[in-house]
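Structure, as structure tokens:
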Amino acid sequence: MERAPPDGPLNASGALAGEAAAAGGARGFSAAWTAVLAALMALLIVATVLGNALVMLAFVADSSLRTQNNFFLLNLAISDFLVGAFCIPLYVPYVLTGRWTFGRGLCKLWLVVDYLLCTSSAFNIVLISYDRFLSVTRAVSYRAQQGDTRRAVRKMLLVWVLAFLLYGPAILSWEYLSGGSSIPEGHCYAEFFYNWYFLITASTLEFFTPFLSVTFFNLSIYLNIQRRTRLRLDGAREAAGPEPPPEAQPSPPPPPGCWGCWQKGHGEAMPLHRYGVGEAAVGAEAGEATLGGGGGGGSVASPTSSSGSSSRGTERPRSLKRGSKPSASSASLEKRMKMVSQSFTQRFRLSRDRKVAKSLAVIVSIFGLCWAPYTLLMIIRAACHGHCVPDYWYETSFWLLWANSAVNPVLYPLCHHSFRRAFTKLLCPQKLKIQPHSSLEHCWK
């Protein structure tokens with residue numbers, strides 16, 4: 001995202017660079033340095049174009065990727081692809097020769113597209129983080145909206161419109177509003193490049209606000225996961241506690257006349273390890289349920305039906321297991337099994353959300369590292385009119401900004417199982433193991 005005249009390493013002002021270019025001089029690079037820089041720039045172009053093209057092709061090859069949240073990743077890939085296919089190639093001869101040779105019309109188009117793509121890339125990062133924030137903090141309503149692709153398309157279009165409005169009108173109309181162009185012949189940069197007030201306002205909307213937003217979203221996701229983890233652990237401790245749940249606690253003891261038969265039956269129902277998993281649970285619950293004085297029907301209704309018979313007392317757990325009518329213990333057992341199932345579901349969702357948080361943290365961190373140097377140097381450079389920031393530091397900062405477009409496609413397969421599967425399907429189909437779609441665990445989904 002070139003935002004300044006590409007001054008030579010020894011020339012701090014655009015005028016001196018313009019004079020050197022007008023005299024036919026290059027930027028002062030030796031032949032060896034020119035070859036090295038050209039090779040590095042070509043490598044960045046290839047990596048950016050191929051990486052993001054692979055992401056876009058993955059959406060064509062794998063229909064499982066076409067979910068609402070993944071459309072936002074596609075939008076980001078489109079922005080990054082165009083950066084590598086259009087913006088960087090036009091800048092390479094400019095930076096190597098120090099002179100723009102493509103005319104004023106293409107210069108305007110290049111500036112509009114360059115600012116548009118880089119700004120939309122930042123806004124897409126915000127949209128992706130916001131989408132994951134909703135998926136974690138408002139899971140029910142979020143899942144209900146997953147089939148509404150029109151909503152996703154509207155959000156994607158809004159990103160492009162806002163990105164254009166931030167810089168596009170200023171690039172196209174600044175010279176007419178100011179009464180003429182101040183750009184020297186043979187150069188291509190925005191008219192407002194040294195307008196500190198405009199740049200601080202635009203930078204606030206382009207970087208500082210998005211960065212604070214994604215930091216807030218990811219911090220909220222992290223705190224939500226921590227809270228749910230504590231709740232799950234507390235629930236597990238309560239379920240494994242020495243006391244049974246309230247609905248399974250015994251009723252007051254039966255009348256003294258049958259105390260002995262109840263005590264014996266209950267005692268024989270206690271050794272859970274003698275039964276299988278299902279039988280042990282039923283047996284244990286059954287012994288407790290008989291205290292309710294009528295949990296179901298005839299054979300298991302009440303301890304008073306046996307007036308002290310020891311043999312009847314020993315048969316009680318077996319009759320409970322084979323009873324034809326459900327007792328209160330059956331409902332309690334079903335509730336416990338449901339709690340176990342919910343615990344596994346919650347554990348899976350927590351694991352998935354942790355992956356989401358980690359992957360977003362990586363993307364956001366790289367976003368900050370790539371954008372912060374450029375934004376800060378641009379503001380400082382505008383404040384001192386280009387005299388307080390060495391040229392090579394500034395150029396390094398916006399090459400770092402462009403490098404973000406090459407890095408983003410690498411991040412997707414590292415955190416997303418379906419992207420890895422789609423990439424394998426495209427690049428190494430013979431290594432793709434046939435798996436049912438239901439077994440895929442998504443990092444983003």
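Just so it is clear, glycine is given a Cβ too, placed from its N, Cα and C backbone atoms.
Here Swiss-Prot flags 300-312 as compositional bias 'Low complexity'.
The N-linked glycosylation site annotation in Swiss-Prot covers Asn11 and rests on sequence analysis.
For Ser439, the entry in Swiss-Prot reads phosphoserine.
The annotation region 'Disordered' is assigned in Swiss-Prot to 237-260 (among others).
The region 'Disordered' annotation in Swiss-Prot covers 288-336 (among others).
Taken from Swiss-Prot, the feature topological domain 'Extracellular' applies to 1-39 (among others), supported by sequence analysis.
Taken from Swiss-Prot, the feature topological domain 'Cytoplasmic' covers 61-70 (among others), and the record attributes it to sequence analysis. Confidence annotation: the topological domain 'Cytoplasmic' (61-70) carries a mean pLDDT of 84 in the model.
The topological domain 'Extracellular' annotation in Swiss-Prot covers 92-108 (among others), and the record cites sequence analysis as its basis.
Counting residues per DSSP class in helix, strand and coil order gives 22 helix, 0 strand, 5 coil for the topological domain 'Cytoplasmic' (130-156). Taken from Swiss-Prot, the feature topological domain 'Cytoplasmic' applies to 130-156 (among others).
If you look up Swiss-Prot, you'll see 178-196 (among others) marked as topological domain 'Extracellular'.
What Swiss-Prot lists as topological domain 'Cytoplasmic' is 218-359 (among others).
According to Swiss-Prot, the topological domain 'Extracellular' annotation covers 381-395 (among others).
For 417-445 (among others), the entry in Swiss-Prot reads topological domain 'Cytoplasmic', with the evidence type sequence analysis.
The feature transmembrane segment is assigned by Swiss-Prot to 40-60 (among others), with sequence analysis given as support. Outside the transmembrane segment (40-60), and at least 6 residues removed from its termini, the chain residues within Cβ reach (under 8 Å) are 66, 70, 73-74, 77-78, 80-81, 83-85, 88-89, 92, 95, 399, 402-403, 405-406, 408-410, 412, 419, 422-423, 426-427.
The feature transmembrane segment is assigned by Swiss-Prot to 71-91 (among others).
What Swiss-Prot records for 109-129 (among others) is transmembrane segment.
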Next on the checklist: Quick check on the topological domain 'Extracellular' (92-108): DSSP residue counts for helix, strand, coil, in that order please.
Outcome noted: 12 helix, 0 strand, 5 coil
